[in-house]
Structure formats: C-alpha cells, structure tokens
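Engineer: Under the heading signal peptide, TrEMBL lists B:1-23. The transmembrane segment annotation in TrEMBL covers B:33-53, B:60-78, B:123-143, B:186-209, B:229-248, B:260-280, B:286-309, B:350-372, B:410-430, B:450-472, B:478-497.
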Amino acid sequence: MKLVIGLDGQSSGEKALEFAKSLAASMETCELVVVYVIEWSPFSFQTAEENAQRHKRREEEISIAMERVVNPAVASLTDAGLSARAIVRHGDVADTIDDIAHSEGAGQIIVARSSAGGFSKRIFGSSTANLVMNARVPVTVVS
Amino acid sequence: MTFIIRFFLTAAAFLAAALPAAAQEAAMSLDEKVNAAFAGATGWFVNFIFMSIPGTNFPWIVMWLVIGASVFTLYFVFVQFRFFGHAIALVKGDYSDPNDAGEVSHFQALATALSGTVGLGNIAGVAVAVGIGGPGATFWMILAGLLGMASKFTECTLGVKYRNEYPDGTVSGGPMYYIQKGFNELGLPGGKILAVLFSIFCILGAFGGGNMFQANQAHAAITGITGEYPGLITGVIFAAVVFAVIVGGVKSIARVTEKIVPFMGILYVGAALIVLLVNFNLIGWAFGQIFAGAFTGLGVAGGMVGALIQGFKRAAFSNEAGVGSAAIAHSAVKTKEPITEGFVSLLEPLIDTVVICTMTALVITISGQLIIDPATGNYVLNEAGSAIATVGDTSGVGLTAAAFGSAISWFPYVLALAVVLFAFSTMISWSYYGLKAWTYLFGEGKTTELVFKVIFCLFIVIGAAASLGPVIDFSDAAIFAMAVVNIFCLYFLMSVVRKELNSYAARLKSGEIKRFHH
C-alpha cells in the first residue's frame, strides 16, 4: 500500500510522520511518499521583472523546501527501514496533495491537524479542512 | 548610437538648466518653458513619423500599422478567431503541465502585459480620439483592435521563441532578440542593426508613452479634483515613488499596485456598464452615432478620414499591437510551445481595445459631453476648429471624468485614483521594457541599469510639467517608431510563426498536445 504524507514544515508534521511510520511498520509492504506543497496560484498578479526571475525563484523555493523539510523527513523514514521518496510542488495545498495521492494511487493521505500559530495555521488550517472534505483518497488527520 | 547619446545628453543638460531655475521663477512660467523647450526638441521627430502620404492628409504610419495587422490576419487565416477558444483554454490552465506549477503561467504573462497596456490609453486616449474624431472613431478603433490581435499573436510567439535564457534562470526577450536571432537563423542581413534601431525607439517609447504621457495625464487627473497647481510637484512625487520601486527595490509598492490595478480595471468597466445601463435607451442611438460617424464623420474635423485616423491611432497607442512591447512582457512565460503564448496574447487587444476602449467611447458619447448642433445633428467644433466642443471645454482624461461624472457624481474621484494607479503601473511596466532595450544596447550590469532608471525618473518630471499637446505627439511618435521597425521585421519572420502554427495545429488535432485539466 502507498501512503502519502503531507508536511507543512512545522512540528505538527513530525506527528504525521511518526504516525505514518508506525502504520507502515505494521504493514507487509508499504511505500511512503512525502509531499510538501508551496502555496502558489497561477492566477496571481506579478510585475514583468518578477516574471523574468520566476524560474530562478521557483528553483530556490524547491531547493529550500527539499533541504529543510522534505529530505530530513525522507531520511528519518529510510533510517527506519522504510521505502520513501519526496515530491515538492507548487499549487493549492489541498488540491495538490489530493492530485498527487490520486495519481500515485495512494491508499491513504496522512496530514497533521493544523498547528497553532502564524504561517502553518494559514496554510494548513483551512487546507486540512479542504483536503478532508474534497479528497478522493481516505484522509487521516493526526492530532 | 550617437543619436541616442546626444539625445540623452541634451535631455540631461536641459534638466540641469531647468531644475535649479525652479527656485527662482514662478512655477507656471517654468511649466511653459519646459513645454516650449520640449516641443522644440522633439518637433522634427514627430513631424517625420506623422508625415502624410503625399496628396492626402493620411499619416503613413497609421496606414503602416493597419496594413501590417491586415497582412498578419490574412497570412494566418484569421488566427484571432480560429484559435480564440483555445486561447481561453490556455489562460484557464487547461493545457498547463502540473509539473510546471510555480513557473510563470499563461494567465500571469497575460495579466502582466495587460497591466502595461490597460491604462491611460483606454481612459484618456479614447477621449482624445472621440474628442477629435467623433464617436465614429470608435468603429475604426474596434476594427483596428480586432486586426491588431494578429499582430500581437505574431510578435509574442517570436518573443518566446527567441528569448534569452540565462544560466541563473532569468529570461530576457523581446523584438530586439527575435530580430537579431531570427534574421541570423534565416540568413538575412541587417538583423543586428534593426535590433539596435528598435531598442533605441523602445527606449524613447519608454520615456514617451510609457512615462511622460502617463505623468502628464496623472497630473491632469489630480488637478481636475484639486484645482490647478504646478505639474512639477506631481512630477517630482511620481518620480520619487517610481525611483523607490525601480532603483530602491521597494517591491511592496509595486506588489500592492499590481494587485489593485486589476480591480481598478474591473471597477472601471463596472462603472461604465452602470452608466450604460442607466442610459440603456440611448445605447442604440450611441451605436448609431458610431456607425454613422465612422463613414460620414458627422461634421468632425477631417470628416470620415479624421475619424478613421484618430480611431486607428488611439487603438494602436492603447493596445500596442505591432509595437513590440508586449513581446517583452510575454517572453517570461513557461511553455514548451512558443505559439501558445501567441494565442494567449491575442486576447490582449480584445480586452484592451474592443472591450475597455469601447466602453469609454460609449460612455462619452452617451453622456452628451460632446456638443451637437440641434439643427443639423452634426457635432459643433471648438473655436480652434481642431476638436469637438465639449460641455466644460474638457479634453483627454478631463472629458472622460466629466462623462462619468454626469451619471455618477462621485466617480471622477475614483477615476482620478484609477488614473494615478494605471499611470504608475504602466510606468513600472515600461521602465522594464525600456530597461531591456537599454541593456540590449549597453550590456547588463548594475551601473548601466542605474543610469537608465535615473533618466527614466527625470522624464517623469518633464512629462508632468509639459502640456498635453507636445507630450502626446512625442509619445505617439516614439511608440509608432517602434512599430516601424518591428512590423518591417515581422514580415520577414512571419514564416517562422506559420511553421510553428501549422505544426501545433496538427498536433492539437491528433491529440499529441495533451489537455491536463478538464
């Protein structure tokens, strides 16, 4: 079975990761896909200069996300003897996690409950709710 | 190159002389001085661009634009209508690969290009066209907008195809790049010279229509509410804010503007619709005036030809089709198929000219600001005989404000705010276009870029202080000079676009071009 873990770069993500670990350990074969979504909309407005530098910025955003959030998570999973890989993508958080889970044929999505405070609340507060309501794959919200 | 250096030296010397004098002299006389010096310095250039075809009073440049747009329309067999639906699907993101999320989308490239074109041309420019050419000018404006879609399509496809992609991931594109690279690829001589010529005109256009005209009309809009005060003050304030953004890197100002401008655009169209709905019984009459005026002139200066020239001129000035500026803005998009950006860009003249400009023209016509002789049904000319007499003797943005104000009394305030914001966003866009042309000529580098940006800000001050006549003439002339070079080169390069079009159309039909969203 394939599990998709949605991370938000906050400590609550650790709980989702731990839960996924224990779930995967109880299965015979399990593949883990760690997903981090950079909030982005194709319908925002930008200046010409921002457009000209967009490709460069995107690469930077992806490498920062890889370095700080996703790679450590994948490392901790593989250290535990599990098979895991990473996907970082731009887009709407809930839609993108659902799209990835659907196209990967995942059996379950695991996300953390929105953690208190600033950024993660903004991103995951509503996104978790959106995901739970609209996902085409069963969702587990870890609190 | 010497021409341009001489031009900038003259401008710099002129400013150095003019600015300290501000302290000593009364402000009005300074404005007049700026005005006279400016008209004197640019007169020959303006005269050349707007020279009439011998034996007629038809400027050759207007003919040039219309013929260009018509040739592209026929050469690509009405691509603007055949691929209209596909263009919408592209903007919606139906064909965007999810793996490219985070890159510049078709929508973003279109929105950025539009924020450079939607602005004063749609508000003040249309008022100038209707004020001089009568409502009939609207008909020709719409026609020019529809034809211009094909010009945009051609130049923006080439803009993406021949852009420079640098190792650090940034991109630079535009006519100067496609002219040079495209001519090389086809084995044609003179690409580099033409690209340099285009760049020079692009820099002048950035200073003219992309800068001085904006500053000038923003000042007119503000004084329309506050009462007269020296243009120098508006100019210095505008220059300081633009300086903060383009030199100081105060991105927050630009970001806020980029977010407000689209809403201002929607608000403007919304207000126009309200005015039209309130006067819905007059809409039929207004269209009647537009059609009748298009072919008879209804007594305006220059008759039917006058209406036609004004319509075509202001359409070109507003949507910039064939000018080449949009190709610079569109070239940052992420796509494997350059032609897709061409499809997207053809929506630009439609939104800009066919929708927004027509709204303005209808509101002005319906508002009754243009004085009609009740006996003949023709328009009454002003004392000079150069334009239609208006109720409050207004012209340009003042006429548009009066027209909206006659139906929604508080709207002139909103309009003034819109004009200031549009002017600002257009300046930011054009500072980028001008900069790209500048760095094409002088190389990329912090110092060369700074020199351009400082000169750009100085021109804002001149633009706000000079009166409308000389500024609008120079702005038009500079922008049309870009079109002279650009359209000339597009004739040679359009075969490249046709190959792309045929290949893409075939793959779209066979299903090889995948639709990602439904």
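Don't overthink the numbers, they just go from 1 along the chain as shown.
The backbone N, Cα and C atoms fix where each Cβ goes, and this holds for glycine too.
Nobody curates TrEMBL annotations by hand; they come from automatic prediction.
Let's see these features in context: how buried, what's close, how far.
Structural biologist: Counting only same-chain residues 6+ beyond the ends of the transmembrane segment (B:123-143), those with a CB under 8 A from a CB of the stretch are 217, 220, 268, 286, 289-302, 304, 306-315, 317-318, 353-354, 357-358, 360-362, 364-365, 370, 379, 386-388, 390, 395-400, 403, 415, 418-419, 422, 472.
Outside the transmembrane segment (B:260-280) by six or more residues, the chain places 111, 114-115, 118, 122-123, 355-356, 359-360, 362-363, 366-367, 403-404, 407-408, 411, 414-415, 417-418, 421-422, 425 with a CB less than 8 A from a CB of the stretch.
Long-range Cβ contacts of the transmembrane segment (B:286-309) within its own chain (Cβ-Cβ under 8 Å, at least 6 residues beyond either end) map to 56-59, 62, 132-140, 361-362, 365-366, 373, 376-381, 385-388.
Among residues of the same chain six or more beyond the transmembrane segment (B:350-372), those with a C-beta under 8 A of the stretch's C-beta atoms are 80, 114, 117-118, 121-123, 125-127, 129-131, 134-135, 137-138, 141-142, 144-146, 148-149, 265, 268-269, 272-273, 275-276, 279, 282-283, 285-286, 289-290, 314-315, 318-319, 378-380, 388-392, 394, 399-400, 402-404, 406-407.
Beyond the transmembrane segment (B:450-472), the same-chain residues lying 6 or more positions past its ends with a Cβ under 8 Å from any Cβ of the stretch are 8, 11-12, 15, 19, 30-31, 34-35, 38-39, 42, 128, 203, 206-208, 211-220, 230-232, 234-236, 238-240, 242-243, 246-247, 395-396, 427, 431, 434-435, 438-439.
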Engineer: Please tell me whether the transmembrane segment (B:60-78) and the transmembrane segment (B:229-248) touch - that is, whether there are at least 3 C-beta pairs under 8 Å between them, with each pair 6 or more apart in sequence.
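Structural biologist: Answer no: the transmembrane segment (B:60-78) and the transmembrane segment (B:229-248) share fewer than 3 Cβ pairs below 8 Å.
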Engineer: When each of B:186-209, B:229-248, B:478-497 is checked against the transmembrane segment (B:410-430) for Cβ pairs under 8 Å, which one has the most?
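Structural biologist: Most Cβ pairs under 8 Å with the transmembrane segment (B:410-430) come from B:229-248.
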